[in-house]
Amino acid sequence: MSILALVEDRPTPKEVYNWRIYLLAAVASFTSCMIGYDSAFIGTTLALGSFREEFEFTTMEPAAVNRVSANIVSCYQAGAFFGAFFAYPIGHFWGRKWGLLSAAAIFTLGAGLMLGANGDRGLGLIYGGRVLAGIGVGAGSNITPIYISELAPPSIRGHLVGVYELGWQIGGLVGFWINYGVSETLAPSHKQWIIPFAVQLIPSGLLLIGAVFLRESPRWLFSSDRREEAIENLCWIRQLPADHIYMIEEIGAIDQALEEQRSTIGLGFWKPFKAAGTNKKVMYRLFLGSMLFFWQNGSGINAINYYSPTVFKSIGLRGTNTGMFSTGIFGVVKTVVTFIWLLYLIDRMGRRLLLLVGAAGASVCLWIVGAYIKIANPAKNGNGEMTGGGIAAMFFFYLYTVFYTPSWNGTPWVMNSEMFEPNMRSLAQACAAASNWLWNFLISRFTPQMFDKMGYGVWFFFASLMLCSIVIVFFLIPETKGIPLESMDALFETKPIWRAHGIVLAKLREDEEQFRQDIEESGYTKSGEQRLESVQPKEA
């Protein structure tokens, strides 16, 4: 019998839950602040009268304005798609830390480029800067969840990867409110719209500085044959000595997982590509990871993020500032609910139940909002006042946000950071992040045209996709809460899917008890001089 993985409820020293692990996760999550801010500020910036006047939107036909706006928004997602794959070789050869530094540097360059745009130079610098910024956030969206999941103890892995999602929402909150602030306090001018673009430099600058002081992922160091440095980093992160039994168990599990990979996939740069192309189990899991992001974007959330003025106008709100204020409230709701998700839900309710409940609740709300728009046709309400039905529709819109945010907003990122064995994780996360940006690109590119052509049908479209996601999650997605990264193969191979979590955890508890019994029988004693090796218990 050999060492298997760690289980969520094994005896865990209190030292493991320390400030260092949260600080590392928080610094890495400045990546998501960049993403959140960029996703939120651009839609309301394009709606500012000063921006539209300087770039002559006011002289264009509505269809042309929709097309240019969609291009400005979507070139960022196009860059992010390629950035997600660009991060794979950096993360593989140079590590997670250098990957984060590279992402921050590229994003900062792109954000700086955008500041050179004006009416005389045209939109070229904004297009180019947003492509570069997209490459940076695409790379960051690949590396950050991997980095955090590789540092985290199983029992708080969802918690820590959730810090990434929290950073996204904090960045989004600032992005949603900043244009309301400049529109209320500054006269229409170049300065009014350039300030939101300049604020992009704050999270990227903080990441650029903070990443210098990050500790490299111990799991990446083990896979790169830098064992002593890996043990040193792991001991620093866990605040435990190398000869502590908790450390011996964890390092033994990592050693065993790497040995299994050597004998199956292999540890080289191209090995995961070969495995992805020839191993049906890996292909299937890549498909599931991509589908999680398909259904996430199928919720309609990014249509709201990027085109909130258009969305609120369809419900009946009038006035640029009113739409921006409502967008800001949307950001507040998302951020508050994300705190609840992070602190109470993700590692208590688990991933699977959150997805199921969130999809059901969000779908009902979207059906109601769509039905109101179909019946009342608020877009033709010329007096600009909200009716009782409109207020109810706004309530269900915000209720949709309450259902969506703690379920589909961050959970796909958490699950994709968990689903793959260590040597597949970089490539798998690259594919997952790229798929997110691909679906994101399609939504951002065609949302204006969808609202123009489909009207209330857009709400029914997204509501229908949410219903379909319930079936997919129930039959295909297992619960990953508390399952060690090294045991994901066993989880996905266990049937039926809806019982796999309990079956695998029971087996892990049994193996953990046997391992500790073998340790005691081997005469292990805690000694600072004992050389740390992968422990091999006696055969049963």
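Residue numbering: from 1, along the chain as shown.
A Cβ is built for glycine as well, from the same backbone N, Cα and C atoms used for every other residue.
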**Asked** Under Swiss-Prot's topological domain names, is Glu184 on the same membrane side as Asp347?
**Response** no
**Complete:** Looking only at the topological domain 'Cytoplasmic' (409-456), mean pLDDT returns 85
**Request:** Please give the sequence-distant neighbours of the transmembrane segment (194-214): residues at least 6 beyond its ends with Cβ less than 8 Å from one of its Cβ atoms.
**Result:** 24, 27-28, 30-31, 33-34, 37-38, 41, 44-45, 97, 100-101, 103-105, 107-108, 111-112, 114-115, 117, 133, 136, 140, 171, 174-175, 178-179, 182, 186
**Asked** Which one, 75-95, 286-306, 326-346, 353-373, 388-408, has the most C-beta pairs under 8 Å toward the transmembrane segment (158-178)?
**Response** 326-346
**Message:** At a C-beta cut-off of under 8 Å, are there same-chain residues at least 6 beyond the transmembrane segment (286-306) that contact it? List them, or none.
**Reply:** 39-40, 42-43, 73, 172, 276, 330, 359, 362, 366, 404, 408-409, 411-412, 415-416, 419, 428, 431-432, 435-436, 439-440, 442-444, 447, 450, 458-459, 461-462, 465-466, 468-469, 472-473, 476-477
**Message:** Contact between the transmembrane segment (326-346) and the transmembrane segment (388-408) is defined here as three or more C-beta pairs under 8 Å separated by at least 6 residues; is that satisfied?
**Reply:** yes
**Request:** For the topological domain 'Extracellular' (119-130), give the DSSP counts of helix residues, strand residues and coil residues.
**Result:** 7 helix, 1 strand, 4 coil
